[in-house]
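**Student:** So that we are looking at the same thing, I have put the structure below in structure tokens.
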Amino acid sequence: MSTAKLVKAKSSELIYTRNDVDEHTKTLTIKLLNELVIQFIDLSLITKQAHWNMRGANFIAVHEMLDGFRTTINDHLDTFAERAVQLGGIALGTAQLVTEKTPLESYPTRIHSVQDHLKELADRYGVVANFVRKAITEVKDEDSADMFTAASRDLDKFLWFLEANLENQ
């Protein structure tokens, strides 16, 4: 079989794949996956912004904690993007798209205290965690639902860690 036949787009704009998930489910799942790609890219960048710029009590503990968060976020991000492609879609993760489509509020760049960063991070982690939980119930592709469930567990744990470090909720 020629390569041209394998990548030829159908009328639906999905890229040909032998994956037998129905086209409607693929389309809806790819949409959800790409929404999560956008959110996880933004959350990853926000996490690094805080990691670089915080100062104050508990700096080193929170600084190192955020490194672990970012690694896990990037692992889930990669899984979501690759799943979109596995289903015949295109992973949409450019800086322009993230800026245009993220539901997260712009992260303040003029804050410095560990506590201020923890609050801002907790707010944004909460938004993404809640979206992922909703996506679990909406998606009809069981493999993607499993991916969302794994991400949800990690995000809930990270949110708990952030909130546990906040002095004043």
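Each residue, glycine too, has its Cβ placed from N, Cα and C.
What Swiss-Prot shows for this protein is this:
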BINDING   HIS51, ASP78, GLU82  Fe cation binding site
**Student:** Taking the Cβ of GLU82 (Fe cation binding site) as the centre, how many other Cβ atoms fall within a 10 Å radius?
**Tutor:** 13
**Student:** I'd like the number of other C-beta atoms within 10 A of the C-beta of ASP78 (Fe cation binding site), please.
**Tutor:** 14
**Student:** Are there any residues in the same chain, six or more apart in sequence, whose C-beta is under 8 angstroms from the C-beta of HIS51 (Fe cation binding site), and if so which?
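**Tutor:** The list for HIS51 (Fe cation binding site) reads HIS63, LEU66, ASP67, ARG70, given in order along the sequence.
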